[in-house]
Amino acid sequence: PDQWREIINKKMRFPQELIGAIQEGNATLVADLLKTGDGIIRQLDDSEDRLWREALNLAIRLGSEDIMDTLLGGVKFDFRQIHEALLVAVDTNQPRVVKKLLDRLDKEKGVGNNKVDVRSFSLAIFDHSIDDSQFAPGVTPLTLACQKDLYEIVTMLTNKGHVIPRPHRISCACLECRNGRQYDLLKFSLSRINTYRGIASRAYLSITSEDAMLSAFRLSRELHKLSKKEPEFKPQYLCLEELCQEFAVELLGMCRNQSEVTTILNDCDNDSEDEDDGLDGRAFEEGIPNLARLRLAVNYNQKQFVAHPICQQVLSSIWCGNLSGWKGSRTAWKLLVSIGIFITMPFLCIIYWIAPKSKIGKMLKIPVIKFLLHSATYLWFLITLLAESIAMEMYRTEFASRHQNLLHNSLHMVWVAGFFWFECKEVWIEGLRSYFLDWWNCLDMIVLSMYLASFVLRGLIMLKGYFVCQVPERADECAYFTQAGITVQWSSLPPTDREHWRQEDPQLIAELLFAVTSMLSFTRLAYILPAQESLGTMQISIGKMIDDMMRFMFILMIIGTAFLCGINNIYVPYVVSTHLGQFNETFRFLFWTMFGVVSQDYVDMPDFVVAEFVGRVLYGIFTLIIVIVLLNMLIAMITNSFQKIEDDADVEWKFARSKLYLNYFREGLTMPVPFNIIPSPKAAFYLMRWVDPTRAAEPSSSKIQNTFSIKSILCHSFSGGIFRRICCCCNCNSTPDYPPIASIRYIESARREFEESKRKDVGNRITELNKMVRRLHSEMKQIHQTVLHSSQGSSNCSCSEDSSVLGKYILGAKNNFRGFSSGTYSPLKVTVHEEEKAEAEAQKDAQEVTKTEVKEQNLPEGCENRASSPTGSKGSWDTGFGSQEAEESSEATADTQASENSAD
């Protein structure tokens, strides 16, 4: 840009004495040096341009506002120098200096063109002259202020129109991104990281976002995706993601009562980006809040937020419903109730089918009862599968032939039909996209498809046999499809046993599908395990271990295939070994070698020594790599995954339990399988209301009226209407003058802790100064005693040494407070309701340290009291320090006068 190469200064070179004058704080000398010049207009080189920058930066770091005003008034600094000066002012936390520099920019460019300056901050990466700056590429004043959580400066910059532009996506091919990559790839990447550091800061999210919590959710998901797309900076992205999650948790912790919690966790806005965020338009049971914000946190994988005690308390209260004694009851009582529901499940379903609005019907809608009811019916389904397996064993001959009836082992299809209708209703309620986000639903679809395929194949066998037998010319096929596996006395055709069936026989495929689906149906029972803490944690650990095994199998497949081809190719030309030389047999041999259940003699070929030697070597290497290296690596991976889950077991279990709870909060789907396939009177009533449009309008209007009443309660439940903006996504009649209350409380808490840390830093520095003064007082006493016992000539020498020692300590005290106002402070993590406790502990520690040092130096009691006074209350700092300084100064003056009198 053109503004980078402006000619600066007033026809003058850089005065060499200027840096020293700034360090001494001599504003008069600085002004005199700026008035001199040779009157020649020149283009300054980079080294001289850097000196002017350092002069302005040094004045800001030393906190000399007068010298800074003199430099700004006497020198025409260009945009680059003001940019770096702003960074220095932000880095040293000087809001007044920041305001002056911003006003200077307004004068240079004009208020109307201020947006040009804001845009120019992001273009600084294209300037080579700032490569030696102490700040990273792409760091703007607003970004730096956000990284340090300087709320006052962030507010000041945002009011001036400064913003942090969102970086483009990784694969963006626009002109700006292509130029940035071609100019300097490292600068471009670092600028992107620094930009996200500013966007993910607590200060930026709190001040610039209308809904800071929602912005933190979405930014956390974006950073998680970037960590996968840009693995070079994966640790940085994951750290920023964790920062966003912690900020959302801290905002939730700002709630003071249950009404605020309910308002925040519920979303009143129907025009929000629910579809883009993975939310569905599901409705919950009557009396259960929508919990849209909590469901969004679950979809965004915000585990810390969902596992927060506030969210868990809300979920637990809804889960138990009117059963207030369920949560605190004993395990034996809960088990007894579960067994009772398991036994009486058919009668409870009949009662709900007849009278869904009765007392028992309303009780069955309570989430915990609904969960027990659905679990009971699934257990009945598993018992049915087990009974069918036992019946197949008892009637083995009949089931092994074509003579079996289609309905003999199809009782489970009643449950399968109910499950299929249940899944169809779930897709209708949630939507197809939201339905497939849960992998349990994917497993259900696979299992149901296999059950239906098995049933259809057995039906096709019966239909095929019926139609073939209608044609006399196809008697052989008729016997195959109707009499296979049995011996018919009157038939002239030979019996067809199962051994003679075709490999693609439909009955064989149906039996295999039924066996696999039976196994998967029992594993589906793990879905309900998160309801109990220990079982839920174990289920999560097993899931992580399976994930590790899937990744391990890829490596195992590569190495196993390599040795399979090598060993098989050695034994193919020879027919000595029956277990090697064939691809299937070699694979079986190597597979069972991993478990040590095969004999090593299979590789022996005594007549072919060279081939046997090579085969033994390859077999030994295979055993070494697979058994010793890979299997132990798998054990280490599984152990590591299990340990990670155990280290964060509470959060993982609560997050899994929350997803289970939310599935049973939904409206409808109360009737369990298989009773849901029976049309109920309630369904007939809904069908009639859907057919008659006049009746459909009345419930719709009542629903809108109920929704409006809920919004009115949420928006007008607090006096003054301040809490209307607690949930920024609420579409209520609220003025946009106030940010969310949670963000306001967070900002105020952060500012209080920042001032508290600054006050403690003042106390620590005063304590250090007191220690220095005490050491000075002790040395002056020693010097005074030396002066009294020495001659006049030596006394003069001692006096000069005394003055040098005194000057050294005074200079040290001065340097101790130099740059205090411009000190850097690390970002603070907000801790609510703990300021007083931390302050008391800090004061106690400071007093103990002071007493210990006083005892070591054998000071009198008066000095001990004076030394501990500055670390007391805030109101006693000024008086304590002033009295201490006056007392020490008077003592030093008296000692000096005594030494002069003795010298005379």
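Including glycine, each Cβ sits where the backbone N, Cα and C put it.
What TrEMBL lists as domain 'Transient receptor ion channel' is 172-234. In terms of DSSP secondary structure, the domain 'Transient receptor ion channel' (172-234) contains 53 helix, 0 strand, 10 coil.
Feature annotation from TrEMBL assigns transmembrane segment to 332-355 (among others).
Annotated transmembrane segment per TrEMBL: 367-386 (among others), in sequence order.
The transmembrane segment annotation in TrEMBL covers 436-457 (among others). Under 8 Å from some Cβ of the transmembrane segment (436-457) lie the Cβ atoms of residues 278, 299, 410, 412-413, 416, 419-420, 423, 426, 506-507, 509-511, 513-514, 516-517, 520-521, 524, 527, 659, all in the same chain and six or more residues away from its ends.
Residues annotated as transmembrane segment in TrEMBL: 550-571 (among others).
Positions annotated as transmembrane segment by TrEMBL: 617-638 (among others).
Residues or ranges marked as compositional bias 'Basic and acidic residues' by TrEMBL: 836-858.
Per TrEMBL, region 'Disordered' is recorded for 836-904.
TrEMBL lists 866-876 with the feature compositional bias 'Polar residues'.
Among the features that TrEMBL reports, compositional bias 'Low complexity' is placed at 891-904.
Same-chain neighbours of the transmembrane segment (332-355): 326, 361, 364, 369, 372-373, 375-377, 379-380, 670-672, 675, 678, 680-681, counting only residues six or more beyond its ends whose CB sits under 8 Å from a CB of the stretch. Restricting the average to the domain 'Transient receptor ion channel' (172-234) gives a pLDDT of 88.
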